[in-house]
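A quick write-up on the structure given underneath.
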Amino acid sequence: MSTTPATPKVGFVSLGCPKALVDSERILTQLRMEGYEVVPTYEDADVVVVNTCGFIDSAKAESLEVIGEAIKENGKVIVTGCMGVEEGSIRDVHPSVLSVTGPQQYEQVVNAVHEVVPPRQDHNPLIDLVPPQGVKLTPRHYAYLKISEGCNHSCSFCIIPSMRGKLVSRPVGEVLSEAERLVKAGVKEILVISQDTSAYGVDVKYKTDFWNGRPVKTRMLELCEALSSLGAWVRLHYVYPYPNVDDVIPLMAAGKILPYLDIPFQHASPKVLKSMKRPAFEDRTLARIKNWREQCPELVIRSTFIVGFPGETEEDFQYLLDWLTEAQLDRVGCFQYSPVEGAPANDLGLEEVPDDVKQERWDRFMAHQQAISSARLQLRIGKEIEVLIDEVEEQGSVGRSFFDAPEIDGSVFIDGDHGLKPGDKVRCRVVDADEYDMWAEPV
């Protein structure tokens, strides 16, 4: 008597940034198309895939810890992602891993899964359909849209180019077709991501591609114009402060894409920026920020900074605080510098900043910026905003405005039962705010 073969089961752990999350979605989509079931526990899986992060040492430590946990609970573990480029470092700690691959090596990961637990030969893809937009690890109403891989910069604190390579832009027609599928599937917000969004198309000399029969240049401006036609919120992340950023501000002012720019400035001191191998035109950047806000008064600017970089003096740090006062950024994150193995910053010969000084500067930075962020949000009280609902709780709903990217920014809280559900958009009036969040009521 014949029996139906068991459905192969895969456990999956995705660590790191949204770019890695998109890689995980791509791998999972392929496995689902081949009939694999993705399970939430180690013990139910035939094999576990861990997509690692290797950006900083603490991320590597977390990756190694998760790999060890998966080995302990399951025993059959495949490793991929950014830390995968350091196979020796992984096998030194966990010699029993079955396979190690770097980022973007989707086919190799799927093949490694095949070797452990082959797909069912009788799988009928018409029975177990994968949605056209693929498997998504985000809530249904928003999705990350990765437009390129790699980076052409050589920031001294970063090892991304050594892990993900030089800039490779996806064909704009392919990107727009994916965005179109996402919107048709119910996505209300598209978060454009890459290592360097403003450099999109540089590697292909902004070549013309086609989308729905019409020509579109492989360039950030034309991409944003086309995305704006889909009717979803469009939010730009990881924008390098190139002059061509000026070109998208009119689209924001016209309401075509969200008036939100995620630009990692990293520092303001010309000396520190030079050591970081970042653009050291902080005064010019302030002038550009002023110009952007004159064109688009609603513009929200998010950024990230590093304190305690080798050679940073108290004078450099005070310069940064003064720059923040001038810039009046809305959303800001800050990291204490942590040496990364293989980063050029390790060989600059600059004096290390003691850990206690790093902590003290981080505390001062956060207090300084919190006051700025709070003052800027206070200006929203009494004004109307559109809110995208993320979740509904017993006491009310939690959502986000154009001010807020998921995971990294604040929230908008709406008290009471208003019949809302995740993915709804609702017009609200802001009634209160602190340094991160807003409270609002429907109008």
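Glycine is no exception: its Cβ is also placed from the backbone N, Cα and C atoms.
Residues within less than 8 Å, Cβ to Cβ, of CYS82 ([4Fe-4S] cluster 1 binding site) and separated from it by at least 6 positions along the same chain comprise GLY16, ALA20, THR52, CYS53, GLY54, PHE55, GLY102, PRO103, ILE160, MET163, ARG164. For CYS17, CYS53, CYS82, the entry in Swiss-Prot reads [4Fe-4S] cluster 1 binding site.
Per Swiss-Prot, the feature [4Fe-4S] cluster 2 binding site maps to CYS151, CYS155, CYS158. DSSP classifies CYS158 ([4Fe-4S] cluster 2 binding site) as coil under the three-state reduction. In sequence order, PHE55, CYS151, VAL340, ALA343 make up the list of same-chain residues 6 or more apart from CYS158 ([4Fe-4S] cluster 2 binding site) whose Cβ falls under 8 Å from its Cβ.
Residues or ranges marked as domain 'MTTase N-terminal' by Swiss-Prot: 8-118.
Confidence across the domain 'Radical SAM core' (137-376), taken as the mean pLDDT and rounded to a whole number, stands at 91. Per Swiss-Prot, domain 'Radical SAM core' is recorded for 137-376.
Look at Swiss-Prot and you will find 378-443 tagged as domain 'TRAM'.
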CYS82 ([4Fe-4S] cluster 1 binding site) in three-state DSSP notation:
helix
Please report the Cα separation of CYS17 ([4Fe-4S] cluster 1 binding site) and CYS155 ([4Fe-4S] cluster 2 binding site) in Å, rounded to an integer.
18
Taking the Cβ of CYS17 ([4Fe-4S] cluster 1 binding site) as the centre, how many other Cβ atoms fall within a 10 Å radius?
18
List the other residues in this chain whose Cβ sits within 8 Å of the Cβ centroid of the [4Fe-4S] cluster 1 site residues CYS17, CYS53, CYS82, in sequence order.
LEU15, GLY16, LYS19, ALA20, THR52, GLY54, PHE55, ALA59, GLY81, MET83, PRO103
